[in-house]
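Participant: To start, I am sharing the structure in question, which I have written as structure tokens.
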Amino acid sequence: MGFHHVGQAGLELLTSGHPALERRPEYLEERRIKEIVKKHSQFIGYPITLFVEKKRNKQVSDAEAEKKEDKRKKKKESNDKPEIEDVGSDEEEEKKDADKKKKKSKEKYIDQELNKTKPIWTRNPDAITNEEYGEFHQSLTNNWEDHLAVKHFSVEGQLEELKDSRRVMKANQKHIYYITGETKDQVANSAFVECLQKHGLEVIYMIELIDKYCVQQLKELESKTVVSVAKEGLELPEDEEEKKKQEEKKTKFENLCKIMKDMLEKKVKKVVVSNCMEDPQRHTNKIYRMIKLGLGVDEYDPTANDINAAITKEMPPLRGGDDTSRMEEVGGSG
């Protein structure tokens, strides 16, 4: 029977009669268990121990030889006369020594801690020695050479929960809107966010790598559906008058959409009239800047602000009244 313990929980795996273990006996091997713990639980805060067998060879003196030696010493001390000792050959002496001592294999079972390397990033850097950093480096990389340097830093942000966003939403907001991206500036300057904020809607910024995966698994939160602002066909809260104007724009520019789709057939999937661009001049400036520079500059790069300002002065303003379609304005800038 083999088993191992996880902390004080006492998780015990038995070999006898368990079909899963009979099919995969390698998961009972000491080597395999250590690999799993190292891969998935190396830096767990509580100790993980494995009940292992330890063997060692030890030279144990022969009890009978020791008794004879004691008797000889006592006899020598009691006799004042010098004792004549028959000294044999070296081979005989070596044989006697070998007879006196023999090797015995000793077995011992102990609880071996598998995750000795503690999460040192949770500790104060001033309390961590260079040796501890070295041990951490070796356990993490299996590289036994000395590390070159150490940079220990800690970054913490304010913990916020998704349900807290409900408190700042307006009563007419039917969905929980979110946008994913690499930086806060990137998502905050998105045309999608600009449109929703114009309508007074709250948008959650998700800029962590894990956010995009997690939010895809979250379909609903407290009776409100979770919706990406970049989703095709995103519906915004509009009154009847706004809906009527939008339908009129779609009808008016239906032929233009078809022409643009035919011209850009291999480059675009669809051309539609959108109400998500509240400031087309701002978006056009970004496109104009990239064309001017002749390369795809990161539009959120702060080093490009000076260049952007200079180009904006050269950029002719868009023409048209408030009732002019957003698509017409963008098209007219060319």
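Just so it is clear, glycine is given a Cβ too, placed from its N, Cα and C backbone atoms.
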Participant: Please find, within the list 230-250, 314-334, the residue stretch that Swiss-Prot describes as region 'Disordered'.
Facilitator: 314-334
Participant: Check the coiled coil (234-267) for me and report the mean pLDDT.
Facilitator: 81
